[in-house]
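Here is the structure we will look at, set down as structure tokens.
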Ligand code: B12
Ligand code: SF4
Ligand code: SF4
């Protein structure tokens, strides 16, 4: 009698299986979550209207690029010819878990505070690099997906983005189910808080219906801790940020002089601000990053203001290579550090040394001089 060999029943993969496969692969490349949205989703037209209203109120400060490319924002298919689906991903960036519901950063006023996302390698590079790997992995799999009517038989088109194009990244992630939009305007995930970057991979595979949405329930409730803690009161209403008043904008994006009315509130933050996230109760669930690129470089998570102030331009270039800090430039980092030194706490010899160090840079640039003189006058009031 011949022995019967049981047939191995391999279920052919379906569309949902493809999405599960992609998300599992994304996890291998360091992404903690992943979702899908059609490039034709109705949110793009709606969000473009909301953006125009925001711009009409002048809440963008000097972020002039927000006025550009509204056609592409409203119709992301214009960004990548042939793209059908946006894969939206999150990458957690924390290296240390902050104390829940508290802003401890200000307890060391002589230390420079650099926003947590910016202490290691520039996320724009990391996220896009990992998305490209994901795209290549998908491309390799296409022969297995030919039986599905998702376009796997056509030439594969893809393009990765992370804060690198006129794309509504947070609303895309929100609609695809990666979390909800908090009153501070950032995306929050119930299991992981908000300390993550977002990225998108546009692909030509047709994986979702045009109006398909997986939005999750919002969980801010009656809380408004982020609005109350904001040092400059930049969250002017729930879900509305006056970017021009946000310390992140002032210290990273804004060129030239920083309005005196914000200088005390900036405290010792020399690049970005995390306060509205630090206080958010959902960040008690924040996750540590699994991606080594975010690990702090050059001690940027624990550095004295006087050390940054002493950097030469060559030091700046060496210590910020491949880092988001490059964006602000040497002069503006000095400007921010001058403000922070004006807000630091020192007496006696330490104070004399700081004032001496501040004076030593006078004459380098007129805008910087004005901040140095402000800092000296603030400090001079401290020792009496
Ligand atoms: C411009 C910009 C900024 C500006 C303005 C921020 C802002 N909130 O608009 C500045 C320089 C201030 C900034 C700061 C920061 N940013 Co930023 N920024 C962006 C950028 C490039 C565009 C955001 C945008 O479109 N703003 C325009 C406004 C109009 O959009 P909006 O917030 O969606 O506002 C609408 C909603 O509020 C909506 N609305 C009104 N009412 C209601 C009600 C409800 C219920 C809902 C849901 C919505 C809603 O209408 C508004 C008008 O359109 C994105 C990247 C990208 N391409 O998307 C990153 C991005 C949003 N930033 C990011 C980060 C990390 C930060 C900082 C935390 C950095 C830091 N530590 O210093 C801070 C946080 C400040 C804050 N509280 O938002 C991440 C956010 C990740 C996350 N978890 O959500 C992004 C996605 C970049 C990335 N790829 O990782 N940023
Ligand atoms: S990042 Fe800082 S300044 Fe900007 S909204 Fe949040 S708490 Fe306010
Ligand atoms: S602090 Fe409160 S209101 Fe603000 S985003 Fe977090 S839960 Fe929402």
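Glycine too: its Cβ is placed from the backbone N, Cα and C atoms.
Positions annotated as active site, proton donor by TrEMBL: 163. Residue 163 (active site, proton donor) falls within neither a helix nor a strand when secondary structure is assigned with DSSP, and so counts as coil.
Secondary structure at residue 276 ([4Fe-4S] cluster 2 binding site), taken from DSSP and collapsed to helix, strand or coil, is helix. Residue 276 ([4Fe-4S] cluster 2 binding site) is surrounded by 27 other CB atoms, counting those within 10 A of its CB over all protein chains shown. For 230, 246, 273, 276, the entry in TrEMBL reads [4Fe-4S] cluster 2 binding site.
In the three-state DSSP assignment, the secondary structure recorded for residue 255 (tRNA binding site) is coil. Of all Cβ atoms in the protein chains displayed, 12 besides its own lie within 10 Å of the Cβ of residue 255 (tRNA binding site). Sequence annotations record features per position, and here TrEMBL assigns tRNA binding site to 255.
Here the domain '4Fe-4S ferredoxin-type' (211-240) has long-range neighbours at 35-38, 41-43, 54, 59, 101, 103, 174-177, 179-185, 188, 190, 246-247, 250, 262, 265-267, 273, 275-282, meaning same-chain residues at least 6 beyond its ends whose C-beta is under 8 angstroms from one of its own. Summarising the annotation, TrEMBL assigns domain '4Fe-4S ferredoxin-type' to 211-240.
Other Cβ atoms within 10 Å of the Cβ of residue 246 ([4Fe-4S] cluster 2 binding site) number 27 in total over all chains.
Excluding 230, 246, 273, 276 themselves, the residues of that chain whose CB lies within 8 A of the CB mean position for the [4Fe-4S] cluster 2 site are, in sequence, 184, 226, 231, 232, 234, 235, 241, 247, 248, 275. The sparsest Cβ neighbourhood within 10 Å, among the listed binding-site residues (230, 273), is found at 230. In the domain '4Fe-4S ferredoxin-type' (211-240), helix, strand and coil residues by DSSP number 5 helix, 4 strand, 21 coil.
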